[in-house]
Structures are given as structure tokens and as C-alpha cells.
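In TrEMBL this protein carries:
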{"type": "DOMAIN", "residues": "A:20-266", "note": "domain 'MacB-like periplasmic core'"}
{"type": "DOMAIN", "residues": "A:315-431", "note": "domain 'ABC3 transporter permease C-terminal'"}
{"type": "TRANSMEM", "residues": "A:21-44", "note": "transmembrane segment"}
{"type": "TRANSMEM", "residues": "A:311-333", "note": "transmembrane segment"}
{"type": "TRANSMEM", "residues": "A:365-389", "note": "transmembrane segment"}
{"type": "TRANSMEM", "residues": "A:401-421", "note": "transmembrane segment"}
Amino acid sequence: MFNYYIKLAFNSFKRNPILTGLMITAIALGIGASMTTITVNYLMSADPIPEKSSQLFHVQVDSWDPNHGFNDEPNTPPNQLTWTDATNLMSAKKAFRQTAMAKSGAIIQPSSPDINPFEASIRLAFKDFFPMFNVPFKYGNGWDQQADDDRQLVVVLSKEINDKVFAGENSVGNSIVIFGQSFRVIGVLDAWQPLPKFYDVNNGAFDEPEDLFMPFYLKQELELPNWGNTNCWKTPEGEGFTAFLQSECINFQMWVELKTPQDKQAYMSFLNNYVNDQKELGRFPRPLNNQLLNVMQWMDDQDVVADDAQIMMWLSFMFLVVCLLNTIGLQLAKFSAKSGEIGLRRAVGATKRDLFMQYTVETGAVGFAGGLFGLVLALLGLIGIRQLYGEVLNDLASLDLTMIALALVLSLLASICAGLYPTWRACNIAPASQLKSQ
Amino acid sequence: MLTMKDIKKIYRTDSIETHALRDFNLHVNEGDFVAVTGPSGSGKTTFLNIAGLLETFEEGRFELDGVDISHQNDAARSRLRNQKIGFVFQSFNLIPDLNLFDNVDVPLRYRGFSRQERKKRIEHNLEMVGLGNRMKHLPAQLSGGQQQRVAIARALAGEPRFLLADEPTGNLDSSMAQSVMALLKDINANGTTIIMVTHDAGLATQANRNIHVSDGKVSEKAMSLSPEAAQFKPSQHKRVVGLSE
């Protein structure tokens with residue numbers, strides 16, 4: 001019977017093209033608006049590293065002002081670390097993998113005279129950065145412990161920088177001048193765009209990864225500038241770069257990989273002991289308040305999904321409801337015009353269940369068509385968002401297969417729900433009253 | 001075969017109660033061709049709707065082909081309608097966007113016949129009413145008489161025991177009315193019991209039994225049958241009926 005119902009649905013579309021067109025348009029508008037905002041929210045809140053997001057933990061220790069909590073929140077530890085804490089925690093090597101990080105930038109001077117010097121962003125990190133975050137390599141590898149310890153001038157290039165400076169060739173072993181120093185290229189990344197950029201959300205959760213990756217201690221060695229957010233609760237004691245590194249200013253992030261809950265518990269004990277030791281040295285004036293949040297907890301804690309994006313999503317759902325209410329009205333009108341046919345079908349033996357199935361299939365077909373049209377509108381909406389917000393949301397404005405399937409299922413369910421009342425009414429039409437009047 | 005005993009039907013609105021049928025008693029035998037006449041509002045159509053299981057009743061007992069209807073739920077009544085009853089309406093009630101083949105197909109779909117069986121029955125019945133060469137036409141492309149014959153083909157496709165006709169010639173001119181009446185008589189002659197509501201006394205006299213409904217009650221007329229009706233005897237075997245206008 002399903003095929004029969006599909007055939008009847010198409011007959012019905014042909015009989016009432018305007019009403020059907022209006023219903024499809026109403027559903028498409030609602031689905032288009034909803035899918036646009038759902039897609040942005042979905043991509044914003046996606047797990048950027050699902051295979052191990054529950055084993056990666058962002059390290060926070062509360063080194064902040066005794067009189068005011070970080071961001072005036074009494075129970076929130078700072079979202080970054082001081083140089084002192086980052087290097088101390090790294091030296092302890094208490095986690096399976098660990099990396100402190102900082103963002104910086106410098107001028108690259110390509111050897112080719114055809115390419116002008118340009119500014120590039122730098123991620124300063126430890127060797128574990130690459131295996132911890134499953135960073136893909138096109139050529140070569142990351143550096144080793146020796147390079148970290150010896151502060152070697154080695155660099156890993158992003159794919160884009162390698163394309164630009166070395167025309168996409170395997171540049172491993174080549175030299176490149178950065179910040180006036182000659183670095184040896186030891187690796188080139190493949191395309192890599194974690195969304196959100198979870199390892200450093202407080203410096204732009206949807207920014208591109210950095211252009212260059214180099215050992216962390218080069219920050220101190222070369223006195224590389226601070227990029228990204230730097231917060232201080234008291235003025236550094238003294239002038240200059242070394243004073244900044246010794247201050248209570250926070251500009252460094254740290255992640256650890258802990259494979260089991262026991263490992264996490266042990267690492268937390270280590271952190272608490274570390275802070276207690278520091279308290280004895282006159283630091284950490286606030287109560288003990290250390291935190292280890294895994295990737296998704298950290299995304300949530302940092303409000304990676306912007307409030308206005310969520311508000312937009314709920315508004316679009318309300319718009320969808322309005323569109324569905326319109327669809328209900330149109331469906332009532334359509335079924336009202338069919339009351340003669342409904343009476344006839346009942347008279348010749350259709351049960352209420354038969355009619356319910358027939359009209360549910362018809363409503364579902366309208367919903368499916370509305371979903372397809374809605375997908376086109378959603379694509380247009382996402383293009384509009386890209387135009388509006390530029391590169392920031394470039395990677396968030398695309399529909400994947402999951403979203404396409406969701407759009408069609410949402411459209412189908414929404415239209416069937418909207419059709420329930422009209423369908424129920426249609427099934428309960430008294431056949432006798434319709435047969436005489438037709 | 002069809003027995004109604006003390007049937008009472010009341011239509012209610014907020015302030016008005018209308019007694020459409022009261023103490024309505026009737027027995028129809030297999031093979032009867034019953035013409036039901038009566039003034040407007042007398043309860044003829046209400047009786048036909050109850051007989052066709054399209055409406056329920058307040059009191060009384062109704063047996064159709066040995067089944068006590070008062071104990072049947074809506075789905076069971078739908079099945080009975082589908083299997084035992086064919087309807088012919090004054091305004092034909094064809095579905096305008098379905099061609100003749102698909103219109104006749106409608107009751108068969110709910111019967112669960114195979115595609116092959118449905119095709120055989122549809123073609124047979126459309127041939128029987130003289131429209132075998134117009135199966136792909138839409139109802140709007142036919143005359144009123146032809147549309148009514150399609151409706152009759154649809155009613156007969158499931159080989160029902162009863163054919164209920166509500167003013168089947170009411171929308172037709174006299175020559176078309178006569179040809180439809182002739183078709184109904186042939187169908188009855190093939191063994192199908194027919195109950196026909198009509199305002200046309202001339203057509204009523206062509207049935208082999210005539211009842212008069214007045215104020216929701218039956219008064220059977222001991223009317224003299226027309227010569228054609230007197231010769232009218234249901235046969236035991238079906239035959240193909242050809243018709244042309």
C-alpha cells in the first residue's frame with residue numbers, strides 16, 4: 001500500500017499545486033533557517049578530537065589575586081599559566097604526555113627573492129604536542145626531547161607555509177630564516193584544522209592553526225613576543241623580558257594526556273602538592289583550586305558555542321514552529337477540500353487507519369520536498385553567514401552528510417507532526433455527510 | 001439477509017433532537033430489488049446510510065448477512081462495507097484526478113487483492129458497463145451517464161452481496177436514467193441484492209419490491225409491479241452486461 005499512498009500523494013500535489021507549493025515553501029523556510037543555525041552550533045560544539053578527547057586535560061592552577069578571583073569569579077582558576085608554573089609542571093613530567101604552549105609570531109624571510117618577507121604565527125610547544133593532538137604530517141616529523149632540552153632551532157611548517165615558501169615540495173632538511181635566525185625544517189604538516197581549535201580556545205576558538213611550530217623554550221631563548229591574551233593580577237617586578245617570564249602574568253597553556261581516571265587522580269594530587277609547595281614559597285595566595293578539564297568540558301567551560309549563536313538557534317526553532325502552524329492551516333484547507341474523497345474512501349471500505357496512513361504519507365512527502373528545498377535555503381543561509389562574518393566562520397558554514405540527513409529527518413518529523421491534527425480530523429470525517437453533498 | 005428491527009436514529013444538535021428513524025423494521029431477502037421512496041426528510045437516506053454501515057443507530061437490532069452490526073467496531077464495519085456492500089451515489093462520487101481504472105481500483109486496494117486480480121476485476125467491470133476502451137480517461141472526460149456507470153463498475157468490482165443506490169439517476173436525463181436502470185436490473189438479475197432510494201415513482205415501479213418511508217417508519221406498498229418488474233427474477237449465475245447510450 002505504501003507505493004499506492006505515494007502515488008496518491010503525487011496525484012494530490014498535482015490537484016492542488018498552489019496549496020502544496022505553499023506548504024513546501026513554509027516548511028522549507030523553517031527548515032532552512034533552523035538548519036543554518038543548527039549547522040553553525042553543531043560545528044561550534046563538535047568534538048574536535050573524538051578518539052581521545054576524554055583523555056586530554058587542560059591544566060589550571062589558581063595562582064590569581066587573593067582579593068579577586070579570575071574574571072571576578074571566586075571559584076574559577078585562571079585559564080592560562082605563568083611561565084614559572086608551565087615550565088615547573090613540564091619539568092616534573094608526571095603525565096603520559098604533556099605540553100605547555102604559547103602563541104607568538106615572527107617575520108619569515110624566504111630565501112627566494114620572489115617572495116617578500118611576511119609575518120607568521122608561531123605555536124611554541126613541547127615534542128608531545130604532535131602525538132597528543134594527532135597532528136598529521138605530510139613530510140618529516142616533529143622534534144624530539146633533545147631538541148626541546150637543547151632549544152634547537154628546528155621548525156615544523158604548516159602545509160600553507162610550505163606551499164608558499166617551498167612551493168609544496170618536501171622541505172624537510174631545508175633552512176628557513178625566522179625572527180632573524182636560521183631554522184632547520186624537520187616536518188611539514190598535512191591539512192589540519194581542528195574545529196574548534198581546542199588546544200587554545202582563549203586565543204580564538206575558531207582561528208586557523210599556527211603557521212609554524214617550534215620548541216617551547218625558544219620563547220625564552222629568542223625572546224619571542226607574546227601573542228594572544230596576556231593577563232596579570234600584579235605588575236611584574238622589574239623591566240624586560242625576563243621579568244615578564246618571572247611574573248604572575250599568564251600567557252601559557254598546558255595540556256596533559258592521562259589515560260585512566262586513576263592517572264587523572266594521581267595528576268591532580270601532583271598538582272595540589274605542587275601548589276602547596278609553591279604556597280610555602282609565598283605564591284598561590286588563594287585557596288587550593290586546581291582544575292583538570294577534558295576537551296569537551298573545557299569547550300563548555302570556555303563557552304566556545306557563543307550565546308548569540310544559541311539564541312539564534314532557538315529563534316530559528318520558533319520560526320520553524322510558526323512555519324509549521326502555517327502548514328497546519330494549509331493542510332486543514334487541503335484536507336477540507338478532500339472531504340468528498342475521504343467520505344468515498346470510507347464508504348468503499350477504507351478504515352480510519354488506512355486513511356491515516358495515506359495522509360501521513362502525503363504529509364511526509366510534502367515534508368521531504370520541504371526538506372530538500374530547505375537544504376538549498378540552508379546552503380544559501382550559510383553562504384550568507386560566510387559573507388557576513390568572513391573567514392572567522394568560514395569553516396563553520398558548511399553542511400556535512402550528518403546535517404543533510406538531520407535536515408531531511410527534521411523536515412519529515414516536523415511535517416508529520418504538523419499533519420497529525422489535520423490528518424486526525426480527516427480520518428474522523430463522517431462519510432455519510434460527504435457522500436450526499438459532493 | 002438484511003434485517004432491521006425497531007431501529008431508532010436520532011440526530012442531535014445543542015437544542016434540537018430530530019428523530020430520523022423510529023421503530024424502523026425491514027427485512028430484505030437475497031436477490032431483492034427494493035425501491036425506497038418517500039418525501040424529502042422522511043428518513044430514506046438515513047436508512048440507506050445505516051444499511052450501508054455509514055452511520056450508527058441508537059436502538060434496535062440490525063443484521064447484515066447474518067452479522068449483528070450493533071456489535072461491530074468501526075474497523076470491522078469498514079471491512080464489511082468493503083466485502084459485502086457496493087455504493088452508487090446520485091453525484092457519482094468519482095475521484096476527479098484518478099482515471100477510470102484507478103477509480104474502480106479504489107475499493108479493491110482496501111481488499112488486499114493482488115495486482116493481477118485487481119486488474120482482471122477492473123477490466124471486467126469496466127467492460128461490463130461498456131467503458132472498457134476508456135480506462136485511461138478521467139471522469140471529467142465522460143458524460144454523466146458514463147460517470148454513473150463507472151461508479152457502478154466500482155461498486156461491483158468487489159462482487160458485493162448488496163448494492164445500495166442513493167438516487168442513482170437523480171443527476172441524469174431520462175434516457176441515461178433508463179439505461180442506468182436497465183444496468184441495475186441486469187445486475188440484480190445476476191444475483192446482487194439492490195436497495196435503491198429514489199424520488200422517481202416510475203423507476204420505483206421497475207423494482208420487484210417497493211417500500212415507502214414516512215416519518216422515519218416503513219410502510220410497505222402492496223403496489224402492482226410493472227410488467228418488466230413482474231418478469232424480474234434473480235438468476236443464480238452472473239453474466240456480462242453490455243450497455244451503450
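Just so it is clear, glycine is given a Cβ too, placed from its N, Cα and C backbone atoms.
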Ranked first among A:21-44, A:311-333, A:401-421 for CB pairs under 8 angstroms with the transmembrane segment (A:365-389): A:21-44
Tertiary contacts of the transmembrane segment (A:401-421), as residues 6+ beyond its ends and Cβ separation under 8 Å: 23, 27, 30-31, 34-35, 38-39, 42, 320, 324-325, 327-328, 331-332, 359-360, 362-364, 366-368, 370-372, 374-375, 378
Tally of residues which DSSP labels helix, strand or coil - the domain 'ABC3 transporter permease C-terminal' (A:315-431): 105 helix, 0 strand, 12 coil
